[in-house]
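So the structure is just underneath, and the comments pick up after that.
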């Protein structure tokens, strides 16, 4: 007959756990009793009350009729309304977002693509906000100046549309520069994007944030560079990456992005070290080749 040997340390640990559990149960019971002491019918000693409270007299006054005092009625209604207020909706929304985050992690562990998960999650969040945070209807936003006699305002002539400096700098890039790549082919334009597109771009960049890519150097050699060396926030990198032609379309379709092309695009504008090391002509060629290869897939 075989004997089972039990380690004495395991027994002592189990006994300690049992003692801690008993102490926890006793503490909970004491807290419950303390919190429900006012329900036990225990008398309150008047002598133990503060002096100011002891001087108070309790008179059985007749209840005032609210019919003759409409102000009291309104006050009572306001108090009742405040008593019936529900929990702060922002707290409920925060717990809802926490649950959404847990669901996203679980789906990603099963191998489902982040772009598909995020697009479904955005729709769920929009429907939740629309159901629990309705827009107040019937409210107008008229200014007080409309109550006075309106003054005739001369219409201003329409001004010519102005482009952002960033767009001007992108479109007016010279075919050859000393500190950056050549101008890329803008035949593949970027359409209006949404939050899910930015999320897909950020997801793919984050996956390869420390991966090093080969770039041509000025000395006819190569050097390695990655997104970490940019010393930039991921959000800023995503904003710059949106300027690469065709990136938004690839992200919308959930396809792989030309990360080396994106890295070269961002680094050529924000990294002085990269500008000093890279060969501009060769960089432009490999960026264009990467972009054409990914767009043709």
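From the backbone N, Cα and C atoms, a Cβ is placed for every residue, glycine too.
In Swiss-Prot, the annotation motif 'Nuclear export signal' applies to 49-58, one of the ranges 29-38, 39-48, 49-58. According to DSSP, residue 210 (phosphoserine) is assigned to coil rather than to any helix or strand.
Classification of residue 271 (phosphoserine) by DSSP places it in coil, neither helical nor stranded.
Rounded to the nearest whole angstrom, the C-alpha distance between residue 210 (phosphoserine) and residue 271 (phosphoserine) is 16. Most Cβ neighbours within 10 Å, among the modified residues 210, 271: 271 holds that distinction in the structure as shown.
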